[in-house]
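As structure tokens, the structure follows; a few thoughts come after it.
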Amino acid sequence: MTVPARGFLLLRGRLGRVPALGRSTAPPVRAPGGPRSAFRGFRSSGVRHEAVIISGTEMAKHIQKEIKQGVESWISLGNRRPHLSIILVGDNPASHTYVRNKIRAASAVGICSELILKPKDVSQEELLDITDQLNMDPRVSGILVQLPLPDHVDERMICNGIAPEKDVDGFHIINIGRLCLDQHSLIPATASAVWEIITRTGIQTFGKNVVVAGRSKNVGMPIAMLLHTDGEHERPGGDATVTIAHRYTPKEQLKTHTQLADVIIVAAGIPKLITSDMVKEGAAVIDVGINYVHDPVTGKTKLVGDVDFEAVKKKAGFITPVPGGVGPMTVAMLLKNTLLAAKKIIY
């Protein structure tokens with residue numbers, strides 16, 4: 001079954017805000033017939049059913065509605081409309097698709113956007129000059145450089161060239177550092193998307209075992225930081241016991257960890273890395289993977305994640321699909337960061 005859109009609103013309405021992921025004394029998912037029978041759609045007793053499929057598309061629609069209301073409220077107070085500047089280098093089809101989606105989503109919530117398109121042979125110096133100009137432009141709330149960049153450009157230098165307070169991707173060294181110190185920051189959008197999926201779905205992490213497969217500085221590491229840190233700190237964390245796996249983790253060792261995990265988050269870029277024998281009954285599986293593979297049935301290329309979805313959904317308690325899971329949520333959290341940057345809440 002797929003979680004309906006209203007389920008997210010009901011969950012928040014019943015439990016209130018859950019900043020510390022699982023600090024509620026009452027579990028968010030009740031067995032049928034309990035005092036909160038409205039939650040029976042999330043679990044069932046008796047015969048084992050397939051996992052609840054978490055619709056990131058539907059959840060993102062609700063978040064975008066919240067952002068749109070926030071933008072309208074901000075403007076009604078006489079403030080400038082939030083403005084997102086996107087720098088796109090080269091002609092990578094996937095990057096162009098991602099940027100179009102971001103521009104379309106920004107428009108839908110009332111955020112102005114502009115696209116600065118540069119050829120793949122653009123110099124690093126020119127890109128830094130552009131970020132400097134945008135940093136000083138008072139009308140620009142947020143700046144995003146679509147990755148990856150060409151090999152001759154130092155991505156870290158470009159990301160650090162964006163002012164931290166306008167770094168809506170959350171990749172600046174100051175934002176990453178503040179995240180690691182449990183301080184408020186602009187959080188990388190994909191990590192924030194995973195966090196939001198967990199909290200809005202009511203997946204428990206307090207004292208639970210979590211495996212994060214993938215240690216990239218923009219995805220895996222920020223996700224692990226959010227989930228293992230103290231729920232009582234300035235920027236509340238998930239209070240989970242987190243294991244990080246990576247390319248040098250032997251498959252059998254990874255399997256040992258995932259079989260014990262209550263939550264598995266996969267961001268490795270390897271199709272079908274997680275199979276059903278690696279997942280314990282009722283675990284939550286969040287698939288961040290983006291892979292394009294050949295479909296032997298249609299003869300075309302299709303998008304898949306890192307999880308063997310059809311097999312794992314028969315065993316997991318919750319699962320996100322690809323497409324339609326973390327992807328739409330990542331765009332929504334980018335827009336949320338843009339509004340936060342415009343309101344100067346963090347910096």
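Using the three backbone atoms N, Cα and C, a Cβ is placed for every residue, glycine included.
According to Swiss-Prot, the substrate binding site annotation covers Y98, V99, R100, N101, K102, V145, Q146, L147, P323, G324, G325, V326, G327, on the basis of similarity to another entry. Annotated NAD(+) binding site per Swiss-Prot: G214, R215, S216, R247, in sequence order.
For Q146 (substrate binding site), the spatially nearest entry among the binding-site residues G214, R215, S216, R247 is S216, judged by CA separation. Each of the binding-site residues G214, P323, G325, G327 was scored by the number of other CB atoms within 10 A of its CB, and the lowest score belongs to P323.
There are 12 other Cβ atoms within 10 Å of the Cβ belonging to R100 (substrate binding site). For the NAD(+) site, whose binding residues are given in the record as G214, R215, S216, R247, the maximum C-alpha distance rounds to 11 Å. Q146 (substrate binding site) has a Cβ environment of 19 other Cβ atoms inside 10 Å. The DSSP secondary structure for P323 (substrate binding site) is coil. Here R215 (NAD(+) binding site) is compared against the binding-site residues R100, P323, G327, and the shortest C-alpha distance is to G327. Classification of R100 (substrate binding site) by DSSP places it within a helix. When the binding-site residues K102, R215, R247 are scored by other C-beta atoms within 10 Å, K102 scores highest. For the substrate site, whose annotated binding residues are Y98, V99, R100, N101, K102, V145, Q146, L147, P323, G324, G325, V326, G327, the maximal Cα to Cα separation is 23 Å.
Cα-Cα distance from G214 (NAD(+) binding site) to R100 (substrate binding site): 27 Å (rounded to the nearest whole number). Listed in chain order, the residues near the NAD(+) site other than G214, R215, S216, R247 are A213, V219, G220, I244, A245, H246, A267, A268, each with its Cβ within 8 Å of the site Cβ centroid. Cβ neighbour count within 10 Å across all protein chains ranks Y98 highest among the binding-site residues Y98, S216. Across the fold, the C-alpha of K102 (substrate binding site) and the C-alpha of S216 (NAD(+) binding site) stand 22 Å from each other.
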